[in-house]
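Each remark here refers to the structure printed beneath this line.
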């Protein structure tokens, strides 16, 4: 095998590799790599593929539990729901592609996460997403959100999987570097969970799906670098998706898996053929030989380098039982898909690539997909000095609250808090006819669990799966450990608000560069916070995604990092979907109560204004230390919620998060068009904290009037703090008595602020 001369320094820069990487590659190969091999190492040793900066931190996550069937390391995690149901789920990012090509970047992010699900043998049943953008006063950010939402809608709607939930937030730190995290859920249709490790020496390797072109070249390396004004030149690194072809791929794959002839399966996502071959080989402890002359190509004259690094979408690689390949390929062709035998499983644990009858690359599989480099970082022994200084901030530094009425309206108009109907109405939320509760109606989405291809019983149709995505990014920016704990706690609380038992999480760690002391400390502390919270709330981690180098180089050469954003996707089990409650009040006369820290607890460190929406509104300064997460209180509140919902005692439940208690209560009135009269105890000087403080494991509930005796009995058996707030009425006024203050708003004004906040800034139509 020849090693043609090339400019090593330029090639290393193109592949995102360091001089030390070159030395290590040469040591492992015992020779200099050729250009195709260097490209393979470039994508497989990128942060996107091998987590070279984060892998040691991820090992601290709890990954085992009684319901965990598949944990980290496979295409998706799988949990046992009982009664024959098994749920596959995962979250992944497509941040950098969406920054330079928002429509295709977001669309192919959806396609990629769906492939992770059905590659396991699961039929996709729902999609969610977590999105972050810069301020909408900048037309660039308006264009980004329009393109991203349209791309998500296009792919999800066309492939026929409902987008049922998610979150959207805005902050200057995301200007130029939006975050697009896509999560998918699927129900297993096969007896055996399909794994990705190659088995059976001599078994054929079969390529299925779309043809291979030059689109998406170097996408994994691109996703592991900072963004700059020159990043628009990287548009060829963004893939182009075809949701209609993916729909056929879903059906064909599930059909093929059910026949038992597929030994292993791997989708071709980041790093394309290179990643799928090397991962299958490394996980199976064997090797794979790949003949590029047999790979279906859509362009002529493609080099080995281009074949190996192409990230053309809707492609899969299978290891098939010898002798069954032709029948299997005929099945795929009936679905209009390309299918070809492109290689075989080898005894030697290496990836051998043939092109034009010659060996174009030969690399040990583990060098690409298992024994990859780990960056060594020194962890700061104390918080960075700038954060310690910010923690000195006191709530007394905020200006006095003179006009709470206008403040609430302004908060409801904030794009992060305002209604996201402009986003949600572009998604088909009801396709498949299993959506029980979707975006905006409750604190978590709920999907009915129907039997899938003989899996599950007819009695299971009363059961459902709930899902949510959460991250208080401002809290994480101020205290990564507390902020990450809060992300897990809020996700579990949101599931409990619909009556679901939290089961497990998938995480998407969106962070700036880990190469600075502060950057690595933020990542390490957030991982610690997630691990602590998952252990405390019994929600193991089944896998996820790490996206680093989320920062933009300004024109003056300085870097603008995003706020650290560890998005937590959590799933839960609903035993009776008939008992699920939404966030809106249901009927006049129902009592309104608050679970969690009481409104008048002025000195409680579980509640605060640091990192709050109110702080940003009135001061524009992000400072202080966010509230402490009380896991014992969280467990108590969530258990009481689930018990009350299961008993049919509650009419509504809505957690207090962005904007604090006043915003949560207002949102319940807006959702129901019902008025409410509330009394919040508190001193006049503590009015700001009473209305707008965040944290405290708090949930506003309404108890059915006819169920009040049963509720009182249940509450008496609990140690959870419960505060009586008021009563729902059929009026058109939202009124709060707080100490000597008596403040009221018309529901029409609240609705107008909440519903017009986002479309007014984008230029779309407001809700009717």
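Note that Cβ sites are derived from N, Cα and C of the backbone, with glycine treated the same way.
Here the structure is a predicted model, which means the values were calculated and not measured.
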- Task: From the candidates 21, 507, 556, give the one listed by Swiss-Prot for the same ATP site as 51, 90, 544.
- Result: 507
- Message: Going by the substrate site in Swiss-Prot, where 93, 94, 95, 96, 115, 311, 312, 313, 547 are listed, which of the candidates 23, 239, 381, 388 is also part of it?
- Response: 239
- Query: Cα-Cα separation of residue 115 (substrate binding site) and residue 48 (active site), in Å?
  - Reply: 17
- Message: At a 10 A cut-off on CB-CB distances, which of the recorded positions 48, 90, 94, 115 has the highest count?
- Response: 94
- Query: So which recorded positions out of 48, 92, 93, 95, 267 end up within 10 angstroms of residue 544 (ATP binding site), measuring C-alpha to C-alpha?
  - Reply: 92, 93
- Item | 94, 267, 545 screened against residue 51 (ATP binding site), Cα within 10 Å - retained recorded positions | 545
- Cβ contacts within 10 Å for residue 311 (substrate binding site), all chains included, total 31
- Query: Counting other CB atoms within 10 A of each CB, which of the binding-site residues 93, 95, 313, 545 comes out lowest?
  - Reply: 545
- Note on the structure: CA pair residue 507 (ATP binding site) / residue 93 (substrate binding site), Å rounded to integer, equals 10
